[in-house]
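Asks: First the structure, then my questions, so here it is.
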Amino acid sequence: MNKKGIKISIIGSGFVGSTTAYALMMEGLASEIVIVDINKEKAKGEAMDLSHGVSFVKPVDIIAGDYEDTKDSDIVIITAGAGPKPGETRLDLINKNYEIFKGIVPEVVKYSPKSILLVVSNPVDILTYVTYKLSGFPQERVIGSGTVLDTSRFRYLLGEHFKIDVRNVHTYILGEHGDSEIAAWSLTNIAGISVEDYCKDICKGCEGNFKNRIPEEVKNAAYEVLERKGYTSYAIALAVRRIVEAIIRDEDSILTVSTLLRGEYGINDIYMGIPSVIGETGIKRVLEVKLSKDEEKQLKESAEVLKENLNKIPIK
């Protein structure tokens with residue numbers, strides 16, 4: 001974005017929203033951060049706590065406010081809504097968060113009609129679709145956090161397994177941010193070497209079942225964190241920061257954000273995590289990467305899961 005000051009508003013000051021504000025502040029990505037929450041005192045407390053540390057980072061104004069204070073935001077990040085409790089899946093939250101979004105999105109659009117909307121609340125793929133419909137924005141300006149975090153978890157676990165720097169592990173998790181997501185093994189490599197060849201020629205210590213075990217660990221990662229600490233915050237905040245960074249710096253980075261499919265992969269009219277080129281206008285391109293036949297089948301099945309659940313709410 002070719003402008004001096006970047007204004008980012010965060011709707012929701014819970015664990016994810018407040019940690020996201022901290023991550024953005026630490027990276028120096030905004031000149032102004034506005035935090036909005038139904039619990040105004042909580043939002044004020046978060047803004048105060050963050051503001052007390054601004055002497056240690058690049059100059060930034062951090063305030064708690066109402067929707068009118070978000071006016072002319074460049075990016076609006078929506079983290080508000082009910083989070084999953086232990087034993088719940090993300091899809092269990094559909095109806096509760098749909099009702100919450102009906103109150104949020106029109107207010108955001110009213111004050112920032114040219115903004116890019118970044119949805120983080122769960123179930124993120126469905127709520128991104130809801131935001132797209134409620135906002136009337138073009139699809140490239142309505143983005144979900146998608147499987148950006150899942151992909152990071154996958155890379156981390158593969159790096160741990162192969163005892164290699166995670167930055168040299170290249171792969172994607174695609175589809176729903178949830179239980180029907182798929183691991184794109186056909187695209188997975190370590191410094192250009194397929195995991196099969198790496199295992200056979202270099203690692204030579206694999207127990208053989210990692211291709212089943214690791215994707216399950218990725219799927220269950222959030223649930224395990226929930227069981228232990230009651231919520232997730234740090235990793236998702238860093239994932240959101242990465243998406244925002246790609247937008248603000250017009251990086252043309254490829255990230256597995258939740259994007260609207262219009263026939264790609266034989267899938268129509270659903271948001272899901274797909275490799276997409278991200279820059280200052282939002283989603284610049286949706287990439288159709290070559291998947292195995294089985295992965296294509298699983299991706300379509302993931303889309304069907306999302307469509308079945310989307311049909312539970314009266315969105316038009």
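Even glycines carry a Cβ here, placed using N, Cα and C.
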Asks: For the NAD(+) site that Swiss-Prot lists with Val16, Asp37, Lys42, Tyr67, Gly81, Ala82, Val120, Ser121, Asn122, give the additional residue from the candidates Ser55, Ser135, Ser145, Ser152.
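Replies: According to Swiss-Prot, the candidate sharing the NAD(+) site with Val16, Asp37, Lys42, Tyr67, Gly81, Ala82, Val120, Ser121, Asn122 is Ser145.
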Asks: For Pro123 (substrate binding site), which of the recorded positions Val16, His170, His177, Tyr223 has the nearest Cα in space?
Replies: His177
Asks: Cα of Lys42 (NAD(+) binding site) to Cα of Arg153 (substrate binding site): how many Å, rounded?
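Replies: Their Cα atoms are separated by 30 Å.
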Asks: State the three-class DSSP label for Pro123 (substrate binding site), counting H, G and I as helix, E and B as strand, and everything else as coil.
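Replies: In three-state terms, Pro123 (substrate binding site) counts as coil.
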Asks: For His170 (beta-D-fructose 1,6-bisphosphate binding site), what is the secondary structure state per DSSP, taken as helix, strand or coil?
Replies: strand
